[in-house]
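Here the structure comes first, spelled out in structure tokens, and everything after it is commentary.
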Amino acid sequence: MDRASELLFYVNGRKVIEKNVDPETMLLPYLRKKLRLTGTKYGCGGGGCGACTVMISRYNPITKRIRHHPANACLIPICSLYGAAVTTVEGIGSTHTRIHPVQERIAKCHGTQCGFCTPGMVMSIYTLLRNHPEPTLDQLTDALGGNLCRCTGYRPIIDACKTFCKTSGCCQSKENGVCCLDQGINGLPEFEEGSKTSPKLFAEEEFLPLDPTQELIFPPELMIMAEKQSQRTRVFGSERMMWFSPVTLKELLEFKFKYPQAPVIMGNTSVGPEVKFKGVFHPVIISPDRIEELSVVNHAYNGLTLGAGLSLAQVKDILADVVQKLPEEKTQMYHALLKHLGTLAGSQIRNMASLGGHIISRHPDSDLNPILAVGNCTLNLLSKEGKRQIPLNEQFLSKCPNADLKPQEILVSVNIPYSRKWEFVSAFRQAQRQENALAIVNSGMRVFFGEGDGIIRELCISYGGVGPATICAKNSCQKLIGRHWNEQMLDIACRLILNEVSLLGSAPGGKVEFKRTLIISFLFKFYLEVSQILKKMDPVHYPSLADKYESALEDLHSKHHCSTLKYQNIGPKQHPEDPIGHPIMHLSGVKHATGEAIYCDDMPLVDQELFLTFVTSSRAHAKIVSIDLSEALSMPGVVDIMTAEHLSDVNSFCFFTEAEKFLATDKVFCVGQLVCAVLADSEVQAKRAAKRVKIVYQDLEPLILTIEESIQHNSSFKPERKLEYGNVDEAFKVVDQILEGEIHMGGQEHFYMETQSMLVVPKGEDQEMDVYVSTQFPKYIQDIVASTLKLPANKVMCHVRRVGGAFGGKVLKTGIIAAVTAFAANKHGRAVRCVLERGEDMLITGGRHPYLGKYKAGFMNDGRILALDMEHYSNAGASLDESLFVIEMGLLKMDNAYKFPNLRCRGWACRTNLPSNTAFRGFGFPQAALITESCITEVAAKCGLSPEKVRIINMYKEIDQTPYKQEINAKNLIQCWRECMAMSSYSLRKVAVEKFNAENYWKKKGLAMVPLKFPVGLGSRAAGQAAALVHIYLDGSVLVTHGGIEMGQGVHTKMIQVVSRELRMPMSNVHLRGTSTETVPNANISGGSVVADLNGLAVKDACQTLLKRLEPIISKNPKGTWKDWAQTAFDESINLSAVGYFRGYESDMNWEKGEGQPFEYFVYGAACSEVEIDCLTGDHKNIRTDIVMDVGCSINPAIDIGQIEGAFIQGMGLYTIEELNYSPQGILHTRGPDQYKIPAICDMPTELHIALLPPSQNSNTLYSSKGLGESGVFLGCSVFFAIHDAVSAARQERGLHGPLTLNSPLTPEKIRMACEDKFTKMIPRDEPGSYVPWNVPI
């Protein structure tokens, strides 16, 4: 055997040769650390977010074609890249050379905010264009299905990509065949004045053309290598692992005989996550990526044979081609497989994962195995002993020894038979999110009838997600043989299958009753599908489906999206070069798109740098009996392990009223609490050592996880907050009706794309320390680090260039991590880097507070609410953090848009044994307002009115007073409501929804509209201070720094717009480097929607100071340039630097009196959403959303609209699909994108229309603008209440007329189980207390 151990591949056109390759090295760290190509980002490490997307290209010497495909660099072992060409975002374009059209368009179409996900987005689209220069919208959405974005809401990204499509900008999906952009801007009414409608915020005609001839060519050397068919086996090894890549089938069998336990990997999408997340280790890996026999495609007389080495994407293309060429009766299996291949994972994973690997892995929630299991498929196996064929059946899927592969065998190919006439195959799945999400339950079903008699001859039904393996209901199917296909058979089948496919109440994954319901709901769908086909085949003998049932068979989800935007006109008196009010591109947009934007972990390694990782508690409430560090300390590369004992008297810091310990001392109070910190010379060694730290615990009582448990144990933080207005008790005596209710609202993970990251560098002189950190609050980082090191603050400088998303989650916990990291750096005199993995970040940092809201409302029969008594309980977690502030803001904002003449609201932050929850975009308002809106909805139901009528009758009117006695002018609130009513055609569509619901039993539509009043301010003048520093250099260029953090909201862009206006110079003349405590000290936190407000006023002040100094010089030489004026000023000894300062808004709140002026102004808005739900599965589709917002005078409509729609999508996720799951022991189950689902492109509204009200004056703010970062989150609940409306319609048709309270998030499980029917009544129910549930509702 001729062996080679040298690895050769190309990266961005440059040859890479590695002689000593570690098989455990993945491409992502290799690119970032070894090649310093940091454009490719770490987002999750498991192929679930797309941030690390690159293009892999290979030449096939047989077809003479080059195949380009997207791939997740975090899962690709570099050993698998021999002979491949890797292209990263740096390789397609750069600001130093030329940017690629993809990079240009995604930037100029405002498709970047924080920019962290952008390189992955760019590479997914770039790869698509390499294969399809003029893609369809279907191809476009498929290509982006594996990429997540937490900021933009996806609309601008889709708009950018549409410019490459065959019919650019067209929605391509309207029922009448007319694009939405050609329908008079979708028929949206124009406002009277001050605004204009545009489908885009960019000029398409200015874009660079896409020219395929200018792309990087595939390296000729690799083509020659491939043509030579080198017969050298590749062997790579390290101390821990060997990697074998055979070149022939015979050699593969020899390796498998020699190493029978070694996994055979193609794409590493199954083995890779097991190694990373489950700690599985394989000393030998076999990679047969060059063996032709594994990529066979054979069309035989009885079916199709597909090689086990084919990627799922290749299988999808092959099957799509087959179904085009063969009659439908032969391709039933292939249609079913295609249905699931379209939603299975993302494009990257589908291009990496192999068919054989997917089958052999036998994951219990596999989407393909249930279909293959019912289709009489067989597996062709091979070993040194010879060939063997086994059926792909339940015995194989459950790994029965006599039906499984032998250790020395490999899977060569799969036989998938053609279907026959009178044979029907279908596939079903339901997931938390429709694409790139593991199924909750999936199924494959096949039935074969006698010739035209409707009698079942064969029946096979398999399910995934309901057991440890794919389950086949063979006993039930056998009992149904010989029966007629009718409703009697269906009823018997449901009962048989529920009895056979049984689920324990404690089954992993939870959702047990939902899963039981899906089992028979899918069967009913199959029954309807087959019945419909039978009717078409033989109209005489088979009855038609009832018209009301036909919609049950229609697919909910559309891949086509259209949008219109309406933003403000620029006044005729404004100078043409004044950028204020123009849709200016995010000034880092191009750098985001080229990968040149530097984030914290992109900074180069410092000499002798160490890496720090944490060991966290595995118990929720326990005493630490002992910590054994000996084995971990003895490992190679480990420098130190620090515990609370090392930090001693600096192991805590008090920011609010309660100090929080950095590292646990004698007790732990939640799973995920920091216990000790491991310091090593590499990230790999630090993480390996952390796993060897042994901690012995002794559990303590009580274990408090839920709000109800905290109430029971009187466990809450002090003080209780209370807000009272009017006389509630007296008002209850005079109302017509009184109702009481409660609603639970789950928490939310920030899921910023860039995890917690920092690099602390000792300067080696005067004890100075530089802290580079991804944070919203540099001053706090400076203070906590200085306190920990017992240094004055002037020795510690904190630097933040940009943050890859934050949403409130990069403040207090970031400070604790930074303090420990700085302590380690100071102790050892070496730079220390700390970057949390996604799972660590989700476990440690907490998120949005879960809420329990209780309400008692007194109201008149016309819907007027005269008395409201509310109680808010938040699940604060184990420490105070910012929970009291969240409760306060929730109470102050709970009235939303409504005037309640008599109001009492109390709030408690509940202490529990969960990681501390913290600030999150909206800061208590999304929870508090949902409670209020739920009460409104229930009042409407009691009065027999629509919720919208009750909303408008209780809404603030013109000048009024809030419960805390602050004056409010609600004119723009009413205008937003009216404009949204008109823009959405609410009245007409409400009639259409009711008509649809009357005609359809299993699908229902809902329509809901909600108003928004969002107070903006931080509650005190001190919190609203801001400063800025502006320098003018002698060449006329300007450098501006300020205290705000750029975290995607475009604050730096707006600040440069301010400088441009105030100094009357082009924006290109102004530069902004980042934020540092060295240049702007004592800056407040960036949050609360006021970052641009406050810092903009400080920048404006600095500029006006400079302009006042320079006015005499400018007036003497009005035609001069800034270079002339700066030089003259210098010659005359005039200071060309100025500090700007803003004292903060006049704001205060007296909680003892329950009154004050805590806010500077109010943002108003309204949103209307229409949804369609599938009553059988709980699935939903957002058909259309219309949003109208009052933004004052927009500084930058592109950025402002981006904030509105990004917040809306994040809020939609909060209220619908984002679900945190904790075990009864307090362990977080949802620790990554595989388990926790944020909205993806498939969740976008099919139609999205956003309008800004005409300009309105607001004298105290920056150019009369308003901060919009947080307010739009709440508008996502328009989707929640539209679903509520649809569920109500379903329940009423089923005779369920009682009160309906739906908790948030309104997941598929809750939707389905609320749509009660004969199937939900049929399932068995477990008695509470008779089992230990998998998860506990928090």
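Placement of Cβ uses the backbone N, Cα and C atoms for every residue, glycine included.
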- Item | From Leu222, Leu304, Leu397, Leu411, the one annotated by Swiss-Prot with Val264, Ile265, Met266, Gly267, Asn268, Thr269, Ser270, Val271, Ala345, Ser354, His358, Asp367 for FAD | Leu411
- Query: What residue among Ser551, Ser787, Ser1068 has an entry for phosphoserine in Swiss-Prot?
  - Reply: Ser1068
- Query: Which of these, Met769, Met842, Met1047, does Swiss-Prot say binds Mo-molybdopterin at the same site as Gln113, Cys151, Ala806, Phe807, Gly1088, Ser1089, Val1090, Val1091, Gln1203, Leu1268?
  - Reply: Met1047
- Query: Hey, does DSSP put Cys151 ([2Fe-2S] cluster 2 binding site) in a helix, a strand, or just coil?
  - Reply: coil
- For Cys117 ([2Fe-2S] cluster 2 binding site): DSSP state (helix, strand, coil): coil
- Query: For the Mo-molybdopterin binding residues given in the record (Gln113, Cys151, Ala806, Phe807, Met1047, Gly1088, Ser1089, Val1090, Val1091, Gln1203, Leu1268), what is the largest pairwise C-alpha separation in angstrom?
  - Reply: 18
- Fill in the CA-CA distance, Val264 (FAD binding site) to Cys114 ([2Fe-2S] cluster 2 binding site), as an integer in Å. 39
- Query: Do any residues at least six apart in sequence from Cys149 ([2Fe-2S] cluster 2 binding site), in the same chain, have a Cβ closer than 8 Å to its Cβ, and if so which, in order?
  - Reply: Cys117, Met121, Ile157, Met753
- Task: Sort out for me which one of Cys49, Val1091 has the most neighbouring CB atoms within 10 A, since those are the binding-site residues we care about.
- Result: Cys49
- Shortest C-alpha distance to Leu1268 (Mo-molybdopterin binding site) - which of the recorded positions Cys44, Cys74, Cys114, Ser270, Ser1068: Cys114
- Task: Please average pLDDT over the domain '2Fe-2S ferredoxin-type' (5-92) for the predicted structure.
- Result: 97
- Query: Can you tell which of Cys117, Met266 has the most other C-beta atoms within 10 Å, given these are the binding-site residues?
  - Reply: Cys117
- Item | Packing count at Cys114 ([2Fe-2S] cluster 2 binding site) (other Cβ atoms within 10 Å of its Cβ) | 30
